[in-house]
Amino acid sequence: MSFPITSIKSFVKRLSLSFTKESGLAGFFFFLVLCSWYILRPVRNEMAVQNSDILPYLLGAGAFVMLLLNPIYSWLASRKNLRGVLIGCYSFFIINLLIFITLWEFFNLSSAVWLSQIFYIWCNVYSFFVVSIFWVVIINLFRGDRATNVFGVIAAGGSLGAFLGSEISKQLASTFNESGIIFFTSISIIFLMAALATGLILLNRFVTSEDIDKAAGGTSFDALKNLISSSQIRSIGLYMYLWTAMMTVHWVTSIDIVNAWSSDGGDRIIFFSRIEQTVTILTLFTQFFLTSAIIRFAGPKNILMFYGFIFMGAFIGYYFNPSIGYVFVITIILRLFEYGINKPTREVVFSYLKRTDRYKSTVMVDTFLVRMGDFTGSGFILLSKSF
């Protein structure tokens, strides 16, 4: 009996290391960031359905925008400390949201197809940059073993934010056909402003850390240079590119099924919101109680490799059962593994990188290479439809 008792005590002790004031505040920071994004996410999905015939081109445009923004971000990171990076990036996106509200409401462009296409591209940029900048802050504050202990709890805070954001979006779905994005973007701004304030409070708790008060240094093209010259960054980048391409093949395939299932935008937003909420509930339990233990037990290498087998099973399932029910189930499985296990594992790996790479290369990988994976995956689907 002593062995299981000892194991339980060890598990409880390790679990207690995950729940600290700093990890709680960081989790609340992530809660606000993802709530801001998940309010917009079902709207982004609806824009994808409306423009499904040109989706690969929109994803390609998103990748190009990411490529343009990365040197600008690297320039900012070279000259500003973590506070400056956080303030600069989040303020930029808050202003962007205000511009969209102005165009939609005051210039009466709600029916303009080109505006919905630009909003879709921008949402993809927004989602990856605001989350990536959050993780830049976190991996510079929590390093090594400490990262393994707390990243599950921090990610759980994000899952709660995703759940609330999806619920808010679902409640606002009835306003979409009449008012468009106005209510969605306005509430998203409030949460992103709160996230910025919380992030600055978190940084103040680490005021003695040299990583906060010093800029990363270097040049605007460090991320691109390191991607080419560093085998470690290349391997990480290739992995991100491949899994994103496979996720996009799944996503574009599911979009066609959802489009055939219902022609009502409000119904589709509710469907997407229900997926997000189901994922959040399951992911939350995993992140709170299992993520850290799984990372320690399986190791980052095995966890990252396992993703390929999950995708293999997903695509076989699409061949035999291309239904709305299967879209619901397999999307939940893929996102549960991604958010509950794979994403925290990648961030633990990122926390061991050298300082310049933690600031710049991780953002390059999380934004441009991920968007290129999207573009490649959608291009693969487009090519397959031509035969």
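Every residue, even glycine, has its Cβ placed from backbone N, Cα and C.
Just so you know, TrEMBL annotations are computer predictions that nobody has curated.
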(request) Using TrEMBL as the reference, determine which range in 149-169, 233-253 is annotated transmembrane segment. (result) 149-169
(message) Tell me which of 278-297, 358-377 corresponds to the transmembrane segment entry in TrEMBL.
(response) 278-297
(request) Count the Cβ pairs between the transmembrane segment (55-73) and the transmembrane segment (181-203) that lie under 8 angstroms and are 6 or more residues apart in sequence, then report whether there are at least 3. (result) no
(message) What residues elsewhere in the chain lie close to the transmembrane segment (119-142), defined as a C-beta under 8 angstroms and at least 6 residues from its ends?
(response) 22-23, 26, 29-30, 33-34, 36-37, 40-41, 43-44, 47-48, 51, 58-59, 61-62, 65-66, 69, 73, 82, 85-86, 89-90, 93, 96, 100, 150-151, 154, 181, 192, 195, 199, 202-203, 206, 209, 211-212, 347, 350-351, 353, 355, 358-359, 362-363, 366-367, 370-371, 374
(request) Name the range, of those listed as 85-107, 149-169, 278-297, 326-342, that has the largest tally of Cβ pairs under 8 Å with the transmembrane segment (181-203). (result) 85-107
(request) Quickly jot the same-chain residues contacting the transmembrane segment (278-297) by Cβ under 8 Å, restricted to those at least six beyond its ends, or write none. (result) 11, 14-15, 18, 148-149, 151-153, 155-156, 159-160, 162-163, 166, 303, 328, 331-332, 335-336, 339-341, 344-345, 348
